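Feature annotation from TrEMBL assigns region 'Disordered' to 1-58. The compositional bias 'Low complexity' annotation in TrEMBL covers 10-28. Residues or ranges marked as compositional bias 'Basic and acidic residues' by TrEMBL: 49-58. Taken from TrEMBL, the feature domain 'RRM' covers 74-156.
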């Protein structure tokens, strides 16, 4: 057989083997890349799910607590404390700090619903009256965790009347809408508080009470004259 033909055949066979090996290597690399991509995608989805679950756990309506209601003319306003802690931690720290002033009935820490992060202020109510309030006000400028507190009567602060720069959540917005509707109806029905509508039954009850009061006064007057 012609030697040149043998050489060409051998070269062709060798070239084919190299091509197959290269193709196998390429396929192997491709599979590795695909596996890496799948693993990356899986980890990404897992992380996203964990973040979503964490976010859901953090969500808490600011007003979804029994302490949300109770602001009145005796309410104390406190700010200046470290707001990096959780709501419960801040509440406990404030309760302990003001416990020397008397029995506390309420410590309401305002938070962002979406994150649960404190908005940096709280409202406090004490069980007793003037003496306890005065004692609480003396803590203005006191130190709590290395921070100087500002303590004042809540009615002197804008936060007492409205929620300044507060985004809130669906529950908050529904509550605010209901409150605005209630206020609108009250203004419409009472002429902005100038007059009130009462039921006939209530009017009758008031009339009977007035007549009974007059009768007692007349009887008492006759007794004195006799």
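Backbone N, Cα and C define each Cβ position, glycine as well.
It should be emphasised that the depicted structure is a prediction, and the values quoted were computed from it without experimental measurement.
In terms of DSSP secondary structure, the domain 'RRM' (74-156) contains 26 helix, 29 strand, 28 coil.
Over the domain 'RRM' (74-156), the average per-residue pLDDT in this prediction is 95.
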